Amino acid sequence: MPFDPWTNFPFGTSVGQFGTIYDQIIATVALIVGLGSPSTDLIAKTLLVAPAVFGTLVAIPTFLIGRRLGGRLGGLFGVVILMLLPGTFLQRGLVGFADHNIAEPFFQGFAVLAVMVALSVADREKPVWELVEAGDFNALRNPIKWSVLAGVAMAVYMWSWPPGILLVGIVGLFLVLAMVSDFVRGRSPEHVAFVGVVSMLVTGVLMFVPLSDTSFSITQFSLIQPLFSFGIALGAAFLAALARWWESSDIDARGYPIAVAAIGLIAIALLAVILPDAFRQITTNFLRTVGFSAGAATRTIGEAQPFIAASSLQSSGQTAVGRIMSEYGFTFFTGVLAAVWLVAKPLVKGGNSRRIGYVAGSLTLIGVLFLIPALPAGIGSALGVESSLVSLTIVTALIVGAVMQAEYESEQLFVLVWAAIMTSAAFTQVRFNYYLAVVVAVMNAYLLREVLRIDFIGFASVDRLDDVSYGQVAAVMIAVLLILTPVLIIPIQLGNGGVSQTAMQASQTGPGTVTQWDGSLSWMQNNTPAEGEFGGESNRMEYYGTYERADDFDYPDGSYGVMSWWDYGHLITVLGERIPNANPFQEGATGAANFLLADDEQQAESVLTSMGDDGEGDQTRYVMVDWQMASTDSKFAAPTVFYDESNVSASDFYSPMYRLQEQNGQTTVAAASNVKDQRYYESLMVRLYAYHGSAREASPIVVDWEERTSADGSATFRVTPSDGQAVRVFDNMSAAEEYVANDPTSQIGGLGTFPEERVSALEHYRLVKSSNSSALRSGSYQNSIVREGNTYGIQPQALVPNNPSWVKTFERVPGATVEGSGAPANATVTARVQMRDLTTGTNFTYTQQAQTDADGEFTMTLPYSTTGYDEYGPDNGYTNVSVRSTGGYAFTGPTSVAGNNTIVTYQAENVAVEEGLVNGAEDGAVQVTLERNEQELDLPGGSSSDDSQTNESTSASVSASVDAGAAAVAP
């Protein structure tokens, strides 16, 4: 499938990471099991178990790599470690994790293994240019065979995941390091260069097979994969030729590394000038993948956050060491020890005091960087880079210095470079921990062999099994248990991390958020028009059709988009069979953020009309919002990072307030909740989820706090008042406003669904479906509500909206035009209608206000209908709504008291609004005439007034909601 219009509306997208070899393998298995015609159910079940199968198969390359590093026993030990790790690797390899993640370390493992074997063969058979020039293919047969296999294995790995080009970069770094080291040490660099040239040429050629994009995109099968591979091959050949010329010219070998470094810088500069797009793609992705430099937008992706980021450690209550232990036990630290010994062993083996001093000095410097984080932080601040990148650069320089001084086996040096880069990647983005698991396992395999060779244990001198003593066996068992025990006996409670055993995690796996969306998306598939049939059009799009590539796809009339946050894009495509505006590739993320956070309806409309060359984004018909998107304790902050309509951050929408407690003479944070600003309540997705598009008045509820300054004086933060009363409820808004005017550390509203000011109604959005599942089923939602209730000292129930469904689906409609008359001039008219959610059985009132002109006339646009539901549905291109009115609209004008003790009201009751007028199927307007009603008022004592008194804002529904809200919050 070269192009997919079923996502990223209104553009579509080129398929990059879908349809990979992983998907093809699963499809082939389904075809075989289904005897050539598998059912949808069978395909889903095949996909369901595939992660567990691939997760098990990762043991094969792990064992083979471990055996090459640590012998057969070491290989088995590495597999045992891999199978016991309780972290990311296990989670991605459980039944139901239907993604290609776990297949990536499987294919990468075989690629690394193939390169190791090719390097070992090259070291043994020593291919050089003379053999190539003479055409002596008998002598080159084995090096060619294994180098070709290495190239094939690397291509297959990238076929499973296009960004696997990272491994090509690892090979390139290794080639430079190995060839320079070999030349300086007096060895021919042509042996290693031969492997690099042949394997990279094969990889480059094979990467043309899935080529689907002529750009330089890392995430798609584009030109960057083959061209980068060819570039590495060309570089290896050039360095080999340069070394030959250098040697023939009798130039000091110590100048070779300097020349290579200078040429490398020139090559990078030329690439930046000649192919700026490719250069930008490579450098940007390298830094955000392994350089601890993931941007703010990238960090909104759960799997792309730093492994030991301060925010995640704080939320989980763990330390950095505790976080690592929860993922690997001691095996990570023993793996690091193995890597250190792999580097140090050739340096200390000969007893050279200078080299031993270099090892000691290097370890001391690394210790200083670890124990005094302010040092790399200061350097990073001066250079404008992350402190972690500074530490990484220093450690890399130390490793390069070590390699320049001693002789290393090529395959072990390659493993070292691979391990270092994958470790850096795992700490930059948490997702790469499912790669790092293999690295940790094979490094421990190497460590076990080295431990067995210690003279104290004496295994190196054992020739027969009968010669092994009980003491030797005991020593080995102690070493093995020291490494494995933390993995076996966890859970060890490290902070509040909730670490669990491998077996426990595996047994508790189950469906995730998708199950909460399933009902709403199933409803959408059956109760909204098919793509291409909206509004009665007959251009139905084929779900499994083949579409030609286009930068801006020309969607047929009747097609439409479904707006939600990008997390849910693939769910909308797969389960709803509708086209999302944004998807987990972060395509459309900025547009989605601008729309969902728009502070007025006109801005939201402008966002949609700006999508596509001809404004096709205006054909977005539905909006789906779940509780997580509207929660400041969940996903609300993510869109603020992508929002670019103005310079805003999460702090413009809410600010934390901490509840402090005294314990044992120390002040600690007992809880923290977010006080919302008016901008939060005015954002479109909150107005939809919390109010269903209705107007919402402010309530006489005040949030109060005190301000504290941090110990170093650098920050001010909010804490609950010392008297413990964080929420104050007043009898009326005037009293609340007076209190806030006299207390600068307080505000009206800001908790639950209570805004600071009035939130106006939406005219073009209506709730059409709520999910059966409630947000209250989520432990995270419950914890958030309870924590907020504890902070404010109120009942958590007061903070729960009337209908806390997990997912709410809204339709964007033209709305019915109301033309009204009969009201007083320059007055406020209120329209309200009670709606019933047929799914949850709850009612809500939609309220909207309008101002009359000098003639007492007014217009409104109403998004909810009251009649005609059965006339419309997906068969004729419209929505079969699951939210319907319980009666007609009531229109009310101002209430006044005339001088003759008469109450004057303006009303129009039970006004019908046809569904066809709301969804745009019919033309016309609803005519409403308010009737003037008078009622004599019998005042005690016969008092009267000559002046009329008018209260334009009085509305029974508004007053009732304000009073009810205040009563609910009152302690």
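Any Cβ shown, glycine's included, is placed from N, Cα and C.
TrEMBL entries are annotated by machine, without manual review.
Per TrEMBL, the features are as follows:
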- 2-231: domain 'Oligosaccharyl transferase STT3 N-terminal' (DOMAIN)
- 42-66: transmembrane segment (TRANSMEM)
- 106-122: transmembrane segment (TRANSMEM)
- 165-184: transmembrane segment (TRANSMEM)
- 191-211: transmembrane segment (TRANSMEM)
- 223-243: transmembrane segment (TRANSMEM)
- 255-275: transmembrane segment (TRANSMEM)
- 328-344: transmembrane segment (TRANSMEM)
- 356-375: transmembrane segment (TRANSMEM)
- 387-406: transmembrane segment (TRANSMEM)
- 413-428: transmembrane segment (TRANSMEM)
- 434-452: transmembrane segment (TRANSMEM)
- 473-494: transmembrane segment (TRANSMEM)
- 515-630: domain 'AglB-like core' (DOMAIN)
- 815-913: domain 'Archaeal glycosylation protein B peripheral' (DOMAIN)
- 933-971: region 'Disordered' (REGION)
- 941-971: compositional bias 'Low complexity' (COMPBIAS)
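If you look at the transmembrane segment (356-375), the same-chain residues 6 or more away from its ends with a CB under 8 A from one of its CBs are 340, 344, 347-348, 387, 391, 394-395, 398, 401-402, 405. Per-residue confidence over the domain 'Archaeal glycosylation protein B peripheral' (815-913) averages 95 (mean pLDDT, predicted model). Stretch with the largest number of CB pairs closer than 8 A to the transmembrane segment (191-211), among 165-184, 255-275, 387-406: 165-184. Helix, strand and coil content of the domain 'Archaeal glycosylation protein B peripheral' (815-913), in residues and according to DSSP, is 6 helix, 52 strand, 41 coil. Between the transmembrane segment (106-122) and the stretches 223-243, 255-275, 413-428, it is 413-428 that has the most C-beta pairs under 8 angstroms. Counting C-beta pairs under 8 angstroms (sequence separation of 6 or more), the transmembrane segment (413-428) fails to reach the transmembrane segment (223-243), with fewer than 3 such pairs. Against the transmembrane segment (328-344), stretch 387-406 has more CB pairs under 8 A than any other of 223-243, 255-275, 387-406.
Residues of the domain 'AglB-like core' (515-630) grouped by DSSP class, helix first, strand second and coil last, total 50 helix, 12 strand, 54 coil. Remote same-chain partners of the transmembrane segment (42-66), defined as residues 6 or more beyond its termini with a Cβ less than 8 Å from a stretch Cβ, comprise 22, 25-27, 29-30, 33-34, 74-79, 82-83, 89-90, 92-99, 101-103, 105-106, 109-110, 112-113, 116, 415, 438, 441-442, 445-446.
With a threshold of 8 Å between CB atoms, the same-chain residues lying at least 6 positions outside the transmembrane segment (387-406) that come near it are 177, 180-181, 184, 257, 287, 290-293, 343-344, 346-347, 349, 355, 358-359, 362, 365-366, 369, 373, 376-377, 379-381, 413, 416, 420, 424, 427-428.
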